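Q: According to TrEMBL, the protein has these features:
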- 287-298: compositional bias 'Basic and acidic residues' (COMPBIAS)
- 282-321: region 'Disordered' (REGION)
- 164-181: transmembrane segment (TRANSMEM)
- 201-219: transmembrane segment (TRANSMEM)
- 226-244: transmembrane segment (TRANSMEM)
- 256-279: transmembrane segment (TRANSMEM)
Amino acid sequence: MDASIQEVWEPTQNPNLHQRWDLRFSEIEYLPRDSGESQQFTYSTGIGAFAVEGVGESVADATPTDHEPTSALQFWSDDPKSLIEHGRGYWRYVPSEEELRFITEYNYDTRFGVLGRLVDRLAFRPLIGWATAWGFDALRLWVEDDLPPEVTTRNAAIHALSRVTLAFVWIFLGLVPKLLVRHPTERALTAATVPASLVDPALTALGSVEIGFGLFLLLSWRWRWPLVLSAILPPVLTFGALAARPGVFVGPFSPLISTLALVILALTGYLAGAAMPTARNCLRTRPQRESRDNRETTEENGPAAIEESNIGETTGAEPTE
């Protein structure tokens, strides 16, 4: 990320700021400690009424003036709802002349035996790895562009809601009135532009294209230009229908109104997508040699219990591949 260690240090080491950008935690609170004792903290992660609590402890402190400062910790949870039983990890700040690489790696042991390991492998570990990378990009936007995590998170929610709604509308319009029902209005509009013998094939083709575009909106999540296309297509189709059957547009559910709503929704999603975090901006693995070098340095500065694992490994730098 384009920032100095000092700029990244405070939002990553201050628990009140840390919990604002890290999706893995809803609340982090430092516990009182005596001089010379390790810093312990409590954490919680909640989704609605469901919450999981745990405890962490810093086992290797660092300062922003250190060379490649590394902050290591271990964490555990006695909460029976927590899949994580005990874990360990580190943060490392690696400055260069042009950027700062903010790196984390962690691993953990699960409870619930074979079932817990299966759930972790299939669902939980990929999800928490994604959440880590997403949070790191939210941090990057905060320190680089001065966009608070609350703003970029809201942008991501607006973008997601807009895109999913548009995809549903396109899929519905292609599937139900054109392919499944062959609605009389659709048949009449199509018959005004093609020969009668081609009405059904034309409806099938148009419906298939609309369904395909709706699916494409979902599959092209990181691209914004499909939202622009989604704002252009409704007016084109609407004006074609207007020329074929103008009486439709004075009814109680005028296509002009729905077209305007779709255009605004598409542009809203496009604008929101300009400033939102994405896990794709973080490197999830490292070159083998670099990983080995970092491992040796970590064992000097942090807990030897950290195991080799690419899961959850991410960096705040832009992808270089």
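Don't overthink the numbers, they just go from 1 along the chain as shown.
Placed from the backbone N, Cα and C atoms, the Cβ positions cover glycine too.
Buried or exposed, and what's around them? Tell me for each listed feature.
A: Sequence-remote contacts of a segment are chain residues at least 6 beyond its ends whose Cβ falls under 8 Å from one of its Cβ atoms, and for the transmembrane segment (226-244) they are 162-163, 166, 170, 189, 192-193, 213, 216-217, 220, 255-256, 258-259, 262-263, 266-267, 269-270, 273.
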Q: Determine which residues of the chain contact the transmembrane segment (164-181) at the Cβ level, with the cut-off under 8 Å and only residues 6 or more beyond its ends counted.
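A: Residues 203-204, 206-215, 217-218, 227, 230, 262, 265-266, 269 contact the transmembrane segment (164-181) from elsewhere in the chain.
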Q: Six or more residues beyond either end and a Cβ under 8 Å away: which residues meet both conditions relative to the transmembrane segment (201-219)?
A: 163-164, 166-171, 173-175, 177-179, 182, 186-187, 190, 193-194, 226-227, 229-230, 233
